[in-house]
Amino acid sequence: MAVTEAENPLVGEITCGSLLQKLQEIWDEVGESDEERDKMLLQIEQECLDVYKRKVEQAAKSRAQLLQALSDAKLELSTLVSALGDKSFISIPETTLGTINEQLAAIAPALEQLLKQKEERVKEFSDVQSQIQKICGEIAGNASEQTGAPAVDESDLSLKKLNEYQVKLQELQKEKSDRLHKVLEFVSTVHDLCAVLGMDFFSTVTEVHPSLDDTTGVQSKSISNDTLLRLAETVSALNEDKKQRLHKLQELATQLIDLWNLMDTPEEERILFDHVTCHTSASVDGVTVPGALALDLIEQAEVEVERLDQLKASRMKEIAFKKQVELEEIFARAHIEIDPEAAREKIMALIDSGNVEPTELLADMDNQIAKAKEEVLSRKEILDRVEKWMSACEEESWLEDYNRDENRYNSSRGAHLNLKRAEKARILVNKIPGMVDTLVAKTRAWEEDRGISFSYDGVPLLAMLDEYAMLRQEREEEKRRLRDQKKYGEQQNTEQEAIFGSKPSPARPSGTKKVVGPRANGGTNGTPSRRLSLNATQNGSRSATKDGKRDSMKLAAPANFVAISKEDAASHVSGTDPVPASP
């Protein structure tokens with residue numbers, strides 16, 4: 001039984017004491033010497049010491065590793081807290097209490113949570129910085145050259161830093177939006193300008209940058225500084241081209257209108273170029289019709305102008321004579337006498353000689369017309385006063401005929417109208433001397449200012465006025481003589497009545513039976529022979545005009561003197577003498 005237990009030492013509780021006891025028993029049985037026994041025991045003790053020593057070393061090494069792990073955990077925890085910059089979300093335990101394992105166990109959850117939070121924060125930073133990098137690349141124009149995600153600085157992952165990046169991203173996004181809006185405005189402007197100029201929008205805009213084509217998305221369009229600069233330059237160039245084309249088209253339109261007016265081009269031919277002439281006074285911004293300034297349209301207008309210029313050269317005589325007629329009409333309205341036949345012969349000679357360009361001849365005639373219109377304006381005031389003076393002289397002539405009419409007071413039809421006209425005519429006739437004086441002063445001032453004589457249908461106006469004043473004075477003297485003669489006749493009649501006691505026949509006084517003679521000047525309305533000679537020699541051609549009859553009457557009217565017979569003298573009352581308002 002003892003041998004069995006010795007062979008199976010693991011049976012029962014095995015301890016160092018039991019094993020030593022068992023060893024002693026074996027030594028006793030064997031008869032081992034004490035020396036060997038001591039030696040063996042020393043060996044066993046040494047082996048036990050070596051085992052303890054190894055275990056202690058292993059334990060010390062494990063403790064050192066745990067301390068390093070704890071230190072590393074604490075450092076990492078501190079670094080994460082510092083990088084994340086916010087302790088409010090994580091509960092940081094006290095790491096100076098408890099065993100090493102307890103301290104590690106306490107740190108582990110916080111560390112794990114901080115590591116997870118760091119990973120999320122790094123992703124947020126990476127996303128924001130990637131967007132910033134992309135927008136900066138788009139603005140700089142090198143977005144395609146950028147590869148890979150931007151490096152994130154893990155030493156500062158605080159919310160403050162993240163907020164700074166987000167604010168920067170928002171600013172860049174706003175700038176991108178503004179730039180994109182500006183690019184779209186430029187592209188729209190280029191489209192409109194190309195439409196007006198008849199240019200290919202696709203080739204024009206893709207020449208600036210391929211992404212500006214309409215087929216690409218809005219967000220894919222280039223917003224770089226270079227693209228904006230080139231777009232601005234393109235718009236500026238197109239605007240300048242539009243301005244030059246509009247100026248050219250307006251010049252052509254003006255030439256077309258002038259040529260049409262010159263040659264009386266029918267309206268159906270003018271309508272064909274309405275798309276050209278409709279922009280004659282348009283501003284650059286006002287022209288928005290597609291194709292309005294296309295090169296082929298301008299070339300078409302140039303061809304038409306060239307064709308009309310050639311046609312104008314072939315019709316030069318007709319056009320020149322048309323302008324000459326316009327010039328003659330202006331001079332006729334201004335009562336300026338010219339020699340139309342000589343002017344027409346001169347035009348014919350110039351055209352036939354070929355020594356003058358048609359455009360120069362027409363420009364010279366246009367200049368003459370402009371000067372003639374200026375001359376008309378300078379003579380207008382005096383001519384208006386001449387018209388009023390002549391009209392007053394016509395009324396004076398009518399009044400004298402009216403005063404000689406013995407039946408003027410009869411109650412016939414229209415007698416009251418003639419009476420009213422006579423009253424107005426007397427008032428107007430009394431103003432004639434003042435009219436003449438004012439007209440003389442105005443005419444002299446005009447002549448002194450220009451150093452030439454003021455002529456009316458070839459007759460010096462001052463000579464006409466002087467003649468009128470002289471003849472008016474002669475007429476007044478004749479009236480006074482007739483009044484004296486009448487008074488003398490009445491006196492003779494009175495004396496005869498006193499001597500013979502009888503009266504002459506009431507039908508007609510004996511002193512008025514004898515007629516002195518025909519009207520002194522022989523004119524049907526009392527026009528003096530001197531005035532007639534002026535009319536005949538100096539203004540004979542005037543009667544051939546459309547208004548010649550009225551004008552010759554006006555020119556004769558100022559010298560409207562009547563040689564009244566002795567028979568009419570008794571009942572004649574001067575137009576300048578006061579006359580009762582009623583018979």
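Placement of Cβ uses the backbone N, Cα and C atoms for every residue, glycine included.
Note: TrEMBL annotation is automatic and uncurated.
Remember, it's a predicted structure, so these values are computed and weren't measured experimentally.
Annotated features, as they stand in TrEMBL:
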COILED    49-76  coiled coil
COILED    155-182  coiled coil
COMPBIAS  476-489  compositional bias 'Basic and acidic residues'
COMPBIAS  526-543  compositional bias 'Polar residues'
COMPBIAS  544-553  compositional bias 'Basic and acidic residues'
REGION    476-554  region 'Disordered'
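A Cβ distance under 8 Å defines the sequence-distant neighbours of the coiled coil (155-182), meaning residues of its chain 6+ beyond its ends; these are 83-86, 118, 121-122, 124-125, 128-129, 131-132, 135-136, 138-139, 218-219, 221, 223, 228.
Residue counts for the compositional bias 'Basic and acidic residues' (476-489) under DSSP (helix as H, G, I; strand as E, B; rest coil) come to 14 helix, 0 strand, 0 coil. Per-residue confidence over the coiled coil (155-182) averages 88 (mean pLDDT, predicted model).
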